[in-house]
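Single-structure report; data block below.
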Amino acid sequence: MSHFSNVPKIQYEGRDSKNPFAFKHYNSQEIVFGKTMEEHLRFAVAYWHTFNASGADPFGAGTAVRAWDSLSPLDRSKARVEANFELLEKLNVPFYAFHDADIAPEGATLAETNKNLDVIVAMLKDYQKSTGKKLLWNTVNLFTNPRYVHGASTTSNAEVFAYAAATLKKGLEVGKELGAENYVFWGGREGYESLLNTDLKLELDNLGRFLHMAVDYAKEIGFDAQFLIEPKPMEPSKHQYDFDSATAIAFLQSYGLKDKFKLNIEANHATLAGHTFEHELRTARINGMLGSIDANQGDPLLGWDTDEFPTDLVTTTLAMFEILKNEGGIGRGGVNFDAKVRRSSFEDEDLFFAHIAGMDTYARGLKAAAKLIENRVLDDIVSHRYRSFSEGIGADIVSGKATLQSLEAYVLQAKPIRNESARLEQIKANLNDVIFSV
Ligand code: XLS
Ligand code: CA
Ligand code: CA
């Protein structure tokens, strides 16, 4: 059954097209920097925002009008499966991503929940087979149900830890059944509100235990997805343990998990942490931990996680720069649109216009990033800026030959220090020229 009969298959028509149902920049088979756009970008649709979100906010009810609204819970889940594959097909998006709670209704018991999941997972599997679409990642929702009031693996209640672990077990089985490329851990309630009543050490140790259990069980059942931690500093918790890339990497290292995980970096979470998206990506990349991205953007005037579709060309260019510089590019990861249409964009067509906008913005970012690298626009600036470390005293520092004594002796006989301008305004203008030339 068609859920979006008004929407045609979206094709690439080029930058001069006036057709709103067309890509102006995303041309899946076009070769950029040695690979097709499709291979570089590995786009995914986020189930929760696209098929479950209603547009409700803390001050008002949902506005979205969807064909499945009036159905019973299980039928609604089935209709969303059909809608998912129709949308993926029409948008030419190869992947999707979900939480367990997005795809099937939660039952009164774990057994009932798992039974509902089995029905929908079987349906998803059939659709994957007939359409060739794939699961970029799945995860389990350990934050919506009131049982997670004190956290999931970092709760003060061992019964809740057990429930979360049982839910995770099923999530890994579902991921295996559907051939997920990755499995995501986002710790929405893994954090604390006040240290006055918190055993910080026990909570962090338990988080480590939980992740080790996941690694062990995945190995046991032969689920070979890449495991990803998704950092976020706050919201819903006041302080979340996977605060940002650097914090998550240090945690994984301390708990002996670094070689089992990579990071899923979300743009809006980076800004909530007081960083740019490219800062988070660069930190992950230079540590060999860049796994996948959640492509969205926040609103600079609002301090919360608005999950807007990405339309900022500077950000997508710098994000794609990091991905192109990453060994193996995005690898098994992808560009997942963890983004929701605005409350005022409540019609079905908006789901398509929003994804077209995001895909075109990433396609342009990819082209601009490739040009930045091919023309060594930033690389030459950076290597010139740090050239003092390639010769003389700088080379001695980098090679480890220099000591405090040798550096003191050098300074005592050296000429006065001469610094150079960083030329940032000029560089930003060059960046604009590259972005607007593609
Ligand atoms: C919420 C997160 C969440 C994760 C998956 O802010 O972005 O949706 O991506 O649990
Ligand atoms: Ca996310
Ligand atoms: Ca978010």
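Glycine is treated like the rest: Cβ placed from N, Cα and C.
Just so you know, TrEMBL annotations are computer predictions that nobody has curated.
Its own atom aside, the Cβ of His99 (active site) has 20 Cβ atoms within 10 angstroms in the protein chains shown. Summarising the annotation, TrEMBL assigns active site to His99 (among others).
Counting only residues at least six positions away in the same chain, the Cβ atoms of Tyr47, Trp48, Phe51, Asn52, Asn141 sit under 8 Å from the Cβ of Asp102 (active site). Marked as active site by TrEMBL: Asp102 (among others).
The Mg(2+) 1 binding site annotation in TrEMBL covers Glu230, Glu266, Asp294, Asp338. Taking the Cβ of Glu266 (Mg(2+) 1 binding site) as centre and 10 Å as the limit, one finds 27 other Cβ atoms among all the protein chains shown.
As annotated by TrEMBL, Mg(2+) 2 binding site applies to Glu266, His269, Asp305, Asp307. Asp307 (Mg(2+) 2 binding site) falls within neither a helix nor a strand when secondary structure is assigned with DSSP, and so counts as coil.
Proximity to His269 (Mg(2+) 2 binding site), judged by a C-alpha distance within 10 Å, picks out Asp294 from the recorded positions His99, Asp294, Asp338. Filtering Asp102, Glu230, Asp307, Asp338 by Cβ distance to ligand 1 (under 6 A) retains the following recorded positions: Glu230, Asp338. Residue with the densest Cβ environment among the binding-site residues Glu230, Asp307, Asp338: Asp338, by other Cβ atoms within 10 Å. In the three-state DSSP assignment, the secondary structure recorded for Asp102 (active site) is helix. Checking the recorded positions His99, Asp102, Glu230, Asp294 against ligand 3 with a 6 Å cutoff on the Cβ atom leaves no residue at all.
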